[in-house]
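Engineer: Grabbed the feature section from Swiss-Prot, which reads as follows:
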type	residues	note
DOMAIN	6-200	domain 'Lon N-terminal'
BINDING	G361, P362, P363, G364, V365, G366, K367, T368	ATP binding site
DOMAIN	596-776	domain 'Lon proteolytic'
ACT_SITE	S682	active site
ACT_SITE	K725	active site
Amino acid sequence: MTDKIYPILPLRDVVVFPHVIVPLFIGREKSIAALDAAMNGSQELLLVPQRDPAVVEPTLADLHEIGSLGRIVQMAKLSDGTVKALVEGLYRVHLEALNDDEKMFSAKKRNMLEKNSTKSEEHDSIVEILIEEFAKYLRNQERSADELLETLRGINDIGRISDTIAAHMDFRIEERVHLLAMEDAYERSQRLMILLAQESEKNELNKKIKNRVKQQMERNQREYYLNEKIKAIQKELGEMDEAQNDIELLEAQIKKAKMPVDVEKKALSELNKLKQMSAMSSEANVIRNYLEWLIDYPWAIEKPARYDLEEAARILDRDHYGLEDVKERILEYLAVQKRINEHNQKEAGTIGKGPIICLIGPPGVGKTSLGKSIAEATGRDFDRIALGGLHDEAEIRGHRRTYIGALPGKIVQKLCKLGSNNPVILLDEIDKIGHDHHGDPAAALLEVLDPAQNHTFNDHYLETDIDLSNVLFIATANTLNISEPLLDRMEVIRLPGYTTQEKIQIAKRYIVPRQRKENVLKASEFKIKNGVLNDVIEDYTREAGVRNLEREIGKLARKSVRRLQEGKQKSILITPNNLKDFLGVAKYHRNDEDLQAKIGSVTGLAWTSVGGELLQIEGVAFSGKGRLTHTGQLGDVMQESIRTALSVVRSYLDDLDDNFRFDEYDIHLHLPEGATPKDGPSAGIAMATALLSALSKQAVRGDLAMTGEITLHGKVLAIGGLKEKLLAAQRGRLKMVLIPEDNLKDLDEIPEEVKAALEIVPVSHIHEVFDHAFVADHAPFKARIEQKSLPTVSAVMHETPAGRC
């Protein structure tokens, strides 16, 4: 900061940038006094924008703390007492020690350091883009500034170019002050590019609107002239209006469509309106489209549905391997529907309220194909509606007819397309519905998926109730991240991931034959040796489903086709030895070092939208002051779990060793893959084990994984997603998994193959976790642990249900 005091010239609606000369008209007394003071001195003054341009008599609080040091180039007093001045901005300044002596404002300045973080290789490109976008802006504004553009092309300083352009733009005062406050020329140029792009987009939109309005006016005048001319010709010739034939056809179709009485009445009313209109008018087209949608809707067209349970079981077994629990639940559902149909509840005056199925599981486990199989088993039509990213309620309920280009909702559109009112409609990715100011599609689906209400579903476009109770809706999702009211209307059926042996059988029975067919390969031309599929699964996919497995087998088939076409071989045999030649280097390595015992390294288990995953937890302890650091993009619940685990371990170590000083150590806990968000409480025992290992310098078994929520007293609580987590442990070639004792009941759902591959140990307390986690070489340490027990508290506390990690 300099000691020199400069007069302040408050500016309204003007920001003076460095290296830019700006004309100013000054009429306020304090402003004129500031000009006079500058002229009597060094001709320099502080050019400071006001926070609110509407303030006529500003105070110091009304001024920004950022401005420009300016130099008066020229000044002239006008006859009305005002002053015209030409000022040049010199450089950015920060105001210090502001003062108001009633005559004028004054302040000291601190020069703002001009920085430039632009990479040298980007410099020329940024300059070119800035000038090009500015030229485009000037053209849109119909302003001629060839001389200014030539001047800019002669400047090689990004900061100066940005300031010059900003000075000639019509930005809001806040944006200009923001640009003035930015010391880094590179950041200033990036912000300016965004503002220029926004201005260009706004100008283009204005042009489109003007052109559209102009064209509409011309079109309306032309239509009016032609309609009047046609009427005159028809009157002279006495011919019938050609549109009459279309109206008669529409009337016949309305009567043939077997609409409900109230709907047919409304359709005929709209038809009468159409008769009174010119066929060329825009409103006539709106009514005609509306009537066509009413006619196309299958009001009374119901495809005969069959409920042959044996045939349904055959189709499900044909199309899907495994998933026995899922198939059984689907057959139960079809049996109930068959019984409802046999008792003909609708004719008895009641409505069958069969549940809506929601298939939940990771990608590639067969949710969509199960929907197709159900449709085939029941003899119904099938279609799917992709809900992922849907954010407009009108996509479900339809648009009001008053909107240009209005259409019915997706459900009505699908029913019109299929031509029957009892199809199977798959609502795909229901957990990925969005919502914004257009409404909430999930709320609109509440009526669609409620069997007690969907017989009177109202589509905004059709403006009438339609019966959706005959439609069999099946929803799919990767997670239970669905609104509670919507989830309450559906029965959830989980599709867990496949075991390795199940994937091998799926590949042999479905994927390999399908890839042979798609790539026109004979069985004798394309063979896969035993063991190859296992290598593909272990080294190239590692997923809960089989989607990537199909991609890799497809890659094998395509490369085989190429070799056959080149004439190098007459048949291709894929073996473990030549697999790398077809698929390249393995994406996942089976490294025995990962299974070695390490200090502070523990393998947890996570349950995600794509199935189970291994969760690596690393901890280190070093000299410090008892501070805890955790990294890896952890959610709030997981951070609380870490703090709980730390309290358990501190209590444990205090009880184990009275001389242990926790405040002499700092601890850093890290979960790798920091770009991936992680949350949930079920890694609690893994966190505690990692912390104890880091503090005690004792190694943890590398072939062991664990999952379970921990309480402050060391109790291990139940978790969710056990099957998915055990499948992940099997894929990771681990030998032992510690699970909460309360989850023992869930082992009945675990495939025998998984239980045979893993030693699954139930634990109820952190003592038991430590007993199994630390390697046998540290038996003395384990013995000391066994002799101690955590202090207990007599009060009984209710624990919340475990979440999932």
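In case you wondered, yes, glycine gets a Cβ from its N, Cα and C as well.
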Engineer: Specify the nearest of the binding-site residues P362, P363, G366, K367, T368 to S682 (active site), where nearness means the distance between Cα atoms.
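Structural biologist: Looking at Cα distances from S682 (active site), the smallest one goes to P362.
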Engineer: Hey, what's the Cβ neighbour count for G364 (ATP binding site) at 10 Å?
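Structural biologist: Its Cβ has 21 other Cβ atoms within 10 Å.
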Engineer: Near the ATP site, what residues other than G361, P362, P363, G364, V365, G366, K367, T368 in the same chain have a C-beta no further than 8 Å from the centroid of the listed C-beta atoms?
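Structural biologist: Close Cβ neighbours, site residues excluded: L359, T476, N478, L495, A544, G545, R547.
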Engineer: Compute the C-alpha separation of P363 (ATP binding site) from K725 (active site), stating it in Å without decimals.
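Structural biologist: Cα-Cα, rounded: 16 Å.
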Engineer: Nearest by CA distance to K725 (active site): which of the binding-site residues is it, out of P362, G364, G366?
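Structural biologist: Nearest candidate: P362.
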Engineer: Please determine which of the recorded positions listed here (K367, K725) has the lowest count of neighbouring CB atoms within 10 Å.
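Structural biologist: The recorded positions K367, K725 were compared, and K367 has the fewest Cβ atoms within 10 Å.
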Engineer: When DSSP is mapped onto helix/strand/coil, what comes out for G361 (ATP binding site)?
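Structural biologist: Note: G361 (ATP binding site) is coil by DSSP, not helix or strand.
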Engineer: I need the least crowded one of these recorded positions (T368, S682), counting other C-beta atoms within 10 angstroms of each C-beta.
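Structural biologist: Output over recorded positions T368, S682: least Cβ neighbours within 10 Å is T368.
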Engineer: If you draw a 10 Å sphere around the Cβ of P363 (ATP binding site), how many other Cβ atoms fall inside it, taking every protein chain shown into account?
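Structural biologist: I count 16 other Cβ atoms within 10 Å of it.
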